Amino acid sequence: MKIILNKIYQGDTLNISETYTLFKSIMLKKINNIELSAILIALKIRGESQNEILGAVKACLEHMITFPKPTYMFSDIVGTGGDNSNSINISTTSALVGSACGFKIAKHCNGNISSKTGSADILKKFGINIQISPEKSKKMLDELNICFLFAPQYHINFKVVTQVRKILRIKTIFNIIAPLLNPAMPKLTVMGVCNFKLMLPIAQVLKTLNYHHAIIVCSDNIDEVTLHSFTKIIELKNNNITSYILHPDDFGVKYCHKNDILGGNTEENYNIIKKILQGKGPSAVTETIAVNVAILFKIFGYSNLKKNTEYALKVIRSGKVYEKIIQLSKF
């Protein structure tokens, strides 16, 4: 372990095996908080490599509580967070809309660690119990098209890690690997990252993890599709990786201002999202949600982004998504 730590502190890159060994030690609490802080900061300053991401994921997956495997195709829609954009919870809102559109979503979620408001914080405000058994979560997915897998419940060895991350209050390798640690282990995902440089390494990791179809998005260093800038896409499909750029007119909507998607604390985000899901939200933020849902449609085989966006807007404006919220809160 001393050799591995010295490599990190000297700015050298670890291979998959070394990273696996390191993160195995972290999971087994063999690394103290001071060492862990130094490791996370050193990796962040140098930049995490593809092999380090993969090694960390493999180690963490071995210590995860499992989820009953569905027999049907389902997806996650998730972001790394830590982009300091102070936007509303776009992926969480998009997941709810996607489920109301008929798609199965196993949403990996967490509380606020490196952002003001985490997905779990919003879901709790809506009265949705995210701390239910894996079996009951699976039933929720079966019956209501969506379930929420609360990270601390499935990754119990992350408790010490979470404490350190909350103290550091910066984006670390755990932001990068968290979307890759969904306990349901979907083969479809829409994953947002807040750094263009991370997109291809993550696509390669998803390929190694045998994802069937994945779309990685990044726009203006925000881990979502946005309408105030172009969005870079890297798509993994049938083991082939392609990249392209999307603009708002590809979705049939107009550019908006970055401030249009700003949120705030949990209460403020809750109020904004509630209006959106009731079909009463401002057009710019509603359309931002719709274009993210349009990308979700794409991994289920619906490739026409304009039609996808149009249908998502129709569902949002109907208020059906808020009806879904009520069902989920009673589950």
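Note that Cβ sites are derived from N, Cα and C of the backbone, with glycine treated the same way.
The following features are taken from Swiss-Prot:
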- Gly79, 82-83, Ser87, 89-92, 107-115, Ser119: 5-phospho-alpha-D-ribose 1-diphosphate binding site (BINDING)
- Gly79, Asn110: anthranilate 1 binding site (BINDING)
- Ser91, Glu224: Mg(2+) 1 binding site (BINDING)
- Arg165: anthranilate 2 binding site (BINDING)
- Asp223, Glu224: Mg(2+) 2 binding site (BINDING)
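All features noted in Swiss-Prot, drawn onto the structure.
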{"residue": "Gly79", "record": "5-phospho-alpha-D-ribose 1-diphosphate binding site", "Cβ contacts under 8 Å, 6 or more apart": "Ile90, Ser91, Pro179, Met191, Gly192, Val193, Cys194, Asp223, Glu224"}
{"residue": "Ser87", "record": "5-phospho-alpha-D-ribose 1-diphosphate binding site", "Cβ contacts under 8 Å, 6 or more apart": "Ile222, Glu224, Ile261, Leu262, Gly263"}
{"residue": "His108", "record": "5-phospho-alpha-D-ribose 1-diphosphate binding site", "Cβ contacts under 8 Å, 6 or more apart": "Asp76, Val78, Leu149, Ala151, Ala178, Pro179, Leu181, Asn182, Pro183, Ala184"}
{"residue": "Asn110", "record": "anthranilate 1 binding site", "Cβ contacts under 8 Å, 6 or more apart": "Gly118, Ser119, Ala120, Phe150, Ala151, Pro152, Ala178"}
{"residue": "Gly111", "record": "5-phospho-alpha-D-ribose 1-diphosphate binding site", "Cβ contacts under 8 Å, 6 or more apart": "Gly118, Ala120, Asp121, Pro152"}
* Asked: With every protein chain in view, how many other Cβ atoms are within 10 Å of the Cβ of Asp223 (Mg(2+) 2 binding site)?
  -> 27
* To do: Pick the one among the binding-site residues Arg165, Glu224 whose Cβ has the fewest other Cβ atoms within 10 Å in this structure.
  => Arg165
* Surrounding CB atoms that lie within 10 Å of the CB of Ser91 (5-phospho-alpha-D-ribose 1-diphosphate binding site), all protein chains -> 27
* Asked: Quick one: what's DSSP say for Arg165 (anthranilate 2 binding site), helix, strand or coil?
  -> helix
* To do: Translate the DSSP assignment of Ser87 (5-phospho-alpha-D-ribose 1-diphosphate binding site) into the three-state scheme.
  => strand
* Where His108 (5-phospho-alpha-D-ribose 1-diphosphate binding site) falls in three-state DSSP terms -> strand
